[in-house]
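Per Swiss-Prot, these features apply:
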| type | residues | note |
| --- | --- | --- |
| BINDING | Asp19, Asp76, Asp78, Asp84 | Ca(2+) 2 binding site |
| BINDING | Asp19, Asp26, Asp76, Asp78 | Ca(2+) 1 binding site |
| BINDING | Asp78, Ser81, Asp84 | Ca(2+) 3 binding site |
| REGION | 274-328 | region 'Disordered' |
| COMPBIAS | 275-292 | compositional bias 'Polar residues' |
| COMPBIAS | 293-318 | compositional bias 'Low complexity' |
| COMPBIAS | 319-328 | compositional bias 'Gly residues' |
| REGION | 639-669 | region 'Disordered' |
| REGION | 801-878 | region 'Disordered' |
| COMPBIAS | 830-840 | compositional bias 'Polar residues' |
| REGION | 992-1014 | region 'Disordered' |
| COMPBIAS | 993-1006 | compositional bias 'Low complexity' |
Amino acid sequence: MPGKLKVKIVAGRHLPVMDRASDLTDAFVEVKFGNTTFKTDVYHKSLNPQWNSEWFKFEVDDEDLQDEPLQITVLDHDTYSANDAIGKVYIDIDPLLYTEAATVISGWFPIYDTIHGIRGEISVLVKVDLFNDLNRFRQSSCGVKFFCTTSIPKSYRAVVIHGFVEELVVNEDPEYQWIDRIRTPRASNEARQRLISLMSGELQRKIGLKVLEMRGNAVVGYLQCFDLEGESGLVVRAIGTACTLDKLSNPAPFAPSCNSPCKEIKEAPFIEELNPNTHSSGPSTPLKNQTYSFSPSKSFSRQSSSSDTDLSLTPKTGMGSGSAGRDGGAFKALLRQQTQSALEQREFPFFTLTSFPPTFLVHVGGVVSARSVKLLDRIHNPDEPETRDAWWAEIRQEIKSHARALGCHAVVGYSESTSICEEVCILSASGTAAVLNPKFLQEASAEGCLEQRSEETSPTPCAFCHIPYDELNMPFPANLTYCCACRKQKVPDVLFTTIDLPSDAPVIGKGCLIQARLCRLKKKSQAEANATVISSLLPFMEYELHTQLMNKLKLKGMNGLFGLRIQITVGESMLLGLASATGVYLSSLPTPGGIQIAGKTPSEGSYDQHISHMQKKINETIAKNKDLYEINPPEILEETVGSPIPEPRQRTRLLRSQSESSDEAAELDLSHGKKDAFVLEIDDTDAMEDVHSLLTDVAPPPGFYSCNTEIMPGINNWIPNIQMFSSVRVIRLNSTNLTNQTLNKNFNDLCENLLKSLYFKLRSMVPCCLCHVNFTVAVPEEESIQVAVTAVAITFDKQQALQVPKPRPEKPQPRGSDPEEQLQFPLELSSDSPGPSTFSPARDVPERGGSPAGATQRAVSLDKSSPLAESHLRHRGGGGGAIPSVTVVKMTPLSFIPGAKITKFLGIINMFFIRETTSLREEGGVSGFLHAFICEVFAMVRAHVAALGGNAVVSYIMKQCVFMENANKNQAQCLINVSGDAVIFISESEVEAGPGQPTAPGPQSAGVGGDSAT
């Protein structure tokens, strides 16, 4: 399918002075695509040139349109010497290749230079004409949509979820080529950016081809990563979930389910049932076949004789029993046959999605993870990267075997990551073992099930907590009790997952961010010796991180972790571990016991006294946390019943079934009694420090909550004011007398101080919740630690809370107990904010007002020289002309915008930037350099979205931030990779007030320690 690419250079503005004599510039533009280059005329002596060039036309194959970026270079003309480069713009053409997306790219793009940053802007028009032919899609994958969001995109429904797709491409890193010794830093950086852009396009095209082979049309949960392997080369890899998506033809009835967080799906099934079975007769059969096909088709070779048979039978039995009663024997037989064939087609039953509709998950087994330490070698043939493929295949096989051991046939919330230091690379993969509902997958879209009403009678909301494995043959030791909700099935005492909290999960109280942090020193060594040391340390680090998470979960009085993400980062002389998750109290699981400290025996009297004092403090902390997070209602009746918490909760929530099961449950629960206390044995200094770290964990200040999932469990009255921010901090360690204890303290202080600074800067948004808190840890130099965090602050309001219908009966009572602890005060923001309009995830109709400009400007210090502030004004004048009411492109890591409805997805934004400086001190040191660079990244992302006609970026993530510094030479370099989905949204408040109501301008930037707000 060849195509014609047409480019027009319109004008430039705010160009830098290149001629010192006249304080002006003689600018012209080179437009390059593939091997063809066009030039505009030179516009003499102007900082705001008006080229108005003719249309430059490139006749290229559609394969090149996907692989190659459009390169626009702005130069200053010199008569007697080489032309000076002002900067470049890379434009991805792929969004124009979708049938439903933008037809033209038109807007002002920041002109970016890797040494000087943003140097003015250029107005560009880009169009693509595609010609259909008989070989359509043979070499290209035009038309395949990519989404970063880890749930089915709003305004779409899933016809079929096909499954896991992965690909990687490798090449030599220009930074380590011999020519790099003689070329300028600018040329080296630009060569690197150009190569990464090419590899990214090639990777997307190859993944798209795999999707087309599976008869899909989209990739959801697309995660692309860059592995900078130094002299070994450069690897770009990606994973995702292939789907067949259908655009909702009449989005009006689906408004509640299209524009809200995961809790929105509570009402989605009933809305979608208004037009049932519109697609169940045709695509439904392959859907059940394809989706449930993810029961593992292959096993580890050492288990093939037994595991293959067992697991291939499991889905057939489940599907047959689930469908026979209603669909008849013939359909059941057909279903079995289709499932069996699908099982043979799929190798890895993985899903990169983290958010699902109700009843999609039948059971959740727990977190499965695998790590491997590898030695990097030079990539001899970039076209055949078998070595890297084999490495990841080993990891995925191990994940699959772990899921099987838990009695599960699929892995959801799956992700992969690497950590590289010199020749050593740690490969990591994790996910949540799960059993999926084939009936749901066959006859429903993944954003709302058509036959959910009939399905919900069999699987109760607590069903996903029930164990999927055999109680008599458990894969690991666990304390099992009967489910506190249904009293019929067994549940574990705690549940760890990598997914978001299911929308219908019974939760008591609010959630909170729980982090485990760990550092370990190691000896400096090379090659195999280094890899051996790291391999021996990894299991102990994972065990300690798990123990920390368990202790902190008990200290909060909670029993479930969601959104768990564990990072292991390797440096020359240390290993860092950071685990982040959102703790919740699941009412289906038993009440967690306390933490009991056991001292050494025999011991001195003063030591015993110290132990008892610490025990008292721990008990007080647990009680305080239960009050803070409103986890106290079930404990009221505990003493009167004589059995643990499940009995009174059953009496409160399920009166009709309490009489049937109370005797049996009491008998079973009494066997556990109050022995649930988690014993911490203090037998050395490390154990004592672990206990102290528990007690010194600082809770958020009054008015703040935090979580790393999209929405905080237990809060349903959001106000449509969001504030996204990114922050990067680097600390240098004193190498003298560095021990594990001091290293741990420094790392803990770094993370805690980072959170405290965010609370301080956002203090005027109280009551406020930090959602989607995403930490990334790196060891850029031998004696430094870098932590980057991206999150979004959302306000919530007490006044409307009483009017919002609560989806769970446990919440109304605790909400009235202590308003100060619930932090639901009237919003105190500037006049830019709207009135008391709120948005409830349960109700699902969000509203949007102005950005909280005044609030954040009071809470943060503004950097007047930041290009982001200028970009706000620039975007108002150009770029987003199709949406006159838009003043600034919103950015959020969430998959939705509170108070708004996403009407169109315009394509994926995947950008890689390099910034280098030889005057670090003059630019404000590390903080000023990082802050300015992050602001420039924000400005460039906004410009590309506005040029597509969009007004927001959702599912935004800063996937990489690699900082390197040479303080002696006053030099620094930073690499940032960001991605997200460009969208068009309509504000609910704008629809009600009419199109003439403008939105308030957004905030600009925060300026301390490399922080940025957007």
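Backbone N, Cα and C atoms are what each Cβ position is placed from, and that goes for glycine too.
Features as recorded by Swiss-Prot, highlighted on the structure.
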residue : record                : DSSP (3 states)
Asp19   : Ca(2+) 2 binding site : strand
Asp26   : Ca(2+) 1 binding site : coil
Asp76   : Ca(2+) 2 binding site : strand
Ser81   : Ca(2+) 3 binding site : coil
(request) Sorry to bug you, but what's the C-alpha spacing from Asp78 (Ca(2+) 2 binding site) to Asp26 (Ca(2+) 1 binding site), rounded to the closest Å? (result) 8
(message) Going by a 10 angstroms cut-off between Cβ atoms, which of the binding-site residues Asp19, Asp76 has the sparsest surroundings?
(response) Asp19
(request) Mind giving me a neighbour count for Asp78 (Ca(2+) 2 binding site)? Other Cβ atoms within 10 Å of its Cβ, every protein chain shown. (result) 12
(request) Would you please pick out, from the binding-site residues Asp26, Ser81, the one with the fewest other Cβ atoms within 10 Å of its Cβ? (result) Ser81
(request) Whole-number Å only: compute the distance from the Cα of Ser81 (Ca(2+) 3 binding site) to the Cα of Asp19 (Ca(2+) 2 binding site). (result) 13
(message) Using the Cβ center of Asp19, Asp26, Asp76, Asp78 as the Ca(2+) 1 site position, which other residues in that chain lie within 8 Å, going by their Cβ?
(response) Met18, Thr25, Ala27, His77, Asn83, Asp84
(request) List the residues of the same chain that sit at least 6 positions away from Asp84 (Ca(2+) 2 binding site) in sequence and have their Cβ under 8 Å from its Cβ, in sequence order, or write 'none'. (result) Met18, Leu75, Asp76, Asp78
